C-alpha cells in the first residue's frame, strides 16, 4: 500500500534494536484519515470473504480494527492483556510474548464473544515474531470458530513471524512489509505483489 | 442519548460493587455502528468549538475516540498506562487510579503530541470518580494546551467525578448519566436536558 509506505518513510523512525517507531500516526498519535484508507485496503484484500467479527489485541490494534470494521460491517472484539476485574471468569486465554515490550502477557477473551459460528479476521498493527497473531488464532481455535485470515499494517519481513504464519496456512495480508531497515540508511520495503 | 440509554438497559449488566458491564458493545466487544452514532452526538455537543486533537486513554477510550475523530476531522492521541520501551523519554505524566481495576497507573503522553497551540477534547468511555479525566486534563495543562471540554459515554452520576469536573469549570458532556443502579431493580438514568 503505497500511501502507507510513503508515510512510514516520511514519519517513521528507525531505531537500534530493530525498533520502527510509528507513534506519530499509528500507535500513540493516530491519523484517523490514514486509518480509513488502511481499513478500505483491508476490506479490498478480503472482499470475497464472509467475516462476522474482527479480533484484535489491546491497545494499538483497537484503532485499526474499529476503523476497518466500518467497511466490514461487523463488530470488533479485542483481547485484553491481563485478567481484569471487569471480565467474566469464562474466558479463552493464550500466552503472548511482546517483541517491542519484552514482556509476556496472558491474553484473554470472554467466551461469549467468540462463537463456533463466527468467521474471524484478525487485525493488528505490527507483525514481528508473530506471537500476537498466533495467540489470537489460538483463541479462535479454542472457540471452535473459523479463522478467515489476518490483516497486518506493518510486517517486519526480516523477522520470522510472517513466514511462520503463512506456513501454517493462515491467509495473511500485510499492507507494508519492511525487508530491511537501518537507522542510517533507512527502510527498504518488499516489492508489492 | 436515547439510543445509548436503550442499549445500556437491554445489554448492560449491573453487578455488585457498582459495576456496570457494557462489555458486549462498548469495551470488550465493540458495536462500531453504535460508536458512529456516539461520535456524531459528541460532534453535535461540541459543534461550535474548534478542536485540533482528541485525547483519550488506553484501552477502551481508543475505539470511541477514533470513531468520533472521523466527525471532528482531527487526530487522536491516547495516553499510555505505563512507560513502554517504545515511548520517547520526553513525556508528560500523571497518576491515575482506576475505579474498575482497583489499580493506580502512571499515564504517559509523549510531549511532541501535545502542543501549546492544541485545542483538546478529552473522550473516555466511563466517568466514575473522575480520576482518568482529571489526569488527562493535567497532561493538557502541563503541555500548555487548551482544554475545550470532555465527552464521556457513560457517567456514573451517583459517584462524585462528574460533580468535581463540572465544578472545575470543565465543559463536560456525558451521553448517558446513570442516576442509580441495582442488580435487582435495574438502571435509572438522569433525565436528559
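A Cβ is built for glycine as well, from the same backbone N, Cα and C atoms used for every other residue.
Because TrEMBL annotations are produced automatically, they should be read as predictions rather than curated entries.
These come from TrEMBL:
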type	residues	note
BINDING	B:20, B:27, B:156	xanthine binding site
DOMAIN	B:22-157	domain 'Phosphoribosyltransferase'
BINDING	B:128, B:129, B:130, B:131, B:132	5-phospho-alpha-D-ribose 1-diphosphate binding site
Candidates B:131, B:156: member of the binding-site residues with the richest Cβ shell (10 Å): B:156
Integer Cα-Cα distance in angstrom, residue B:131 (5-phospho-alpha-D-ribose 1-diphosphate binding site) to residue B:27 (xanthine binding site): 18
Mean predicted confidence [pLDDT] for the domain 'Phosphoribosyltransferase' (B:22-157): 93
Pairwise Cα distance for residue B:27 (xanthine binding site)/residue B:128 (5-phospho-alpha-D-ribose 1-diphosphate binding site) [Å, integer]: 15
DSSP-derived helix, strand and coil totals, residue by residue, for the domain 'Phosphoribosyltransferase' (B:22-157): 43 helix, 48 strand, 45 coil
Distance from residue B:156 (xanthine binding site) back to residue B:130 (5-phospho-alpha-D-ribose 1-diphosphate binding site), taken between C-alpha atoms, in Å: 10
Entry from the binding-site residues list B:20, B:128, B:132 having the most other CB atoms no farther than 10 A: B:132
Collapsed DSSP category at residue B:20 (xanthine binding site): strand
